[in-house]
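What follows is a short report on a single structure.
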Amino acid sequence: MKQSHFFAHLSRLKLINRWPLMRNVRTENVSEHSLQVAMVAHALAAIKNRKFGGQLNAEHIALLAMYHDTSEVLTGDLPTPVKYFNSQIAQEYKAIEKIAQQKLVDMAPDELRDIFAPLIDENAWSEEEQAIVKQADALCAYLKCLEELSAGNNEFKLAKTRLEKTLALRRSQEMDYFMAVFVPSFHLSLDEISQDSPL
């Protein structure tokens, strides 16, 4: 059997730090970010299905979210102000992402490639799946800002404002539900969120 470096590369997502130009109280890596995005994307899809008549496969969306940043194992995490400095840079970075995604897919064994390709290549996702994962991605970045700000790190003040605008652009009923039900707890301390459920 031919050796594959696919998962050896993916395991290095934990070595790539997000928010590289900003001082962080707690450093966040791409691997843990991807897990949180998967959880939130699953929740958004489930909320849409349960509350707002959606017909989404929430488990599949969680899987897509797990793989949504895998190309960064080859490209690194380019800071948002650089990535979107102008439309030309944004377009070129998208092209680089596509090349990295294809390179990752090509690392998978031939007999498994058709399984991993549609998880890594966003072009294989439906518009609705893309929208949910993008909402979850922005929500998780916003939650990171709340955590940093609550720890006294004002470095994330502008990022929070920028992400509030992004969330407004991606707004949906399921996001409104998530923001109302789950997000307020991120402003609280461990003692405050543990009061109602002592062990």
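Cβ coordinates come from backbone N, Cα and C, glycine included.
What Swiss-Prot says about this protein:
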BINDING   ARG18, TRP19, HIS33, ASP69, ASP77, LEU78, PRO79, THR80, ASP137  substrate binding site
BINDING   HIS33, HIS68, ASP69, ASP137  divalent metal cation binding site
DOMAIN    30-142  domain 'HD'
SITE      ARG18  site 'Appears to be important in orienting the phosphate for catalysis'
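Sequence features, as recorded in Swiss-Prot, placed on the structure.
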residue: ARG18; record: substrate binding site; Cβ contacts under 8 Å, 6 or more apart: GLU28, ASN29, VAL30, HIS33, ASP77, LYS144
residue: HIS68; record: divalent metal cation binding site; Cβ contacts under 8 Å, 6 or more apart: SER34, VAL37, GLU122, VAL133, ASP137
residue: ASP69; record: divalent metal cation binding site; Cβ contacts under 8 Å, 6 or more apart: LEU13, VAL30, HIS33, SER34, VAL37, ASP77
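Using a 10 Å Cβ-Cβ cutoff, HIS33 (substrate binding site) registers 23 neighbours. In this structure, ASP69 (divalent metal cation binding site) belongs to neither helix nor strand by DSSP; it is coil. A Cβ within 8 Å of the Cβ centre of HIS33, HIS68, ASP69, ASP137, the residues given for divalent metal cation, is found for these other residues of the same chain: VAL30, SER34, VAL37, ALA65, VAL133, CYS140. Applying DSSP to the domain 'HD' (30-142) sorts its residues as follows: 88 helix, 0 strand, 25 coil.
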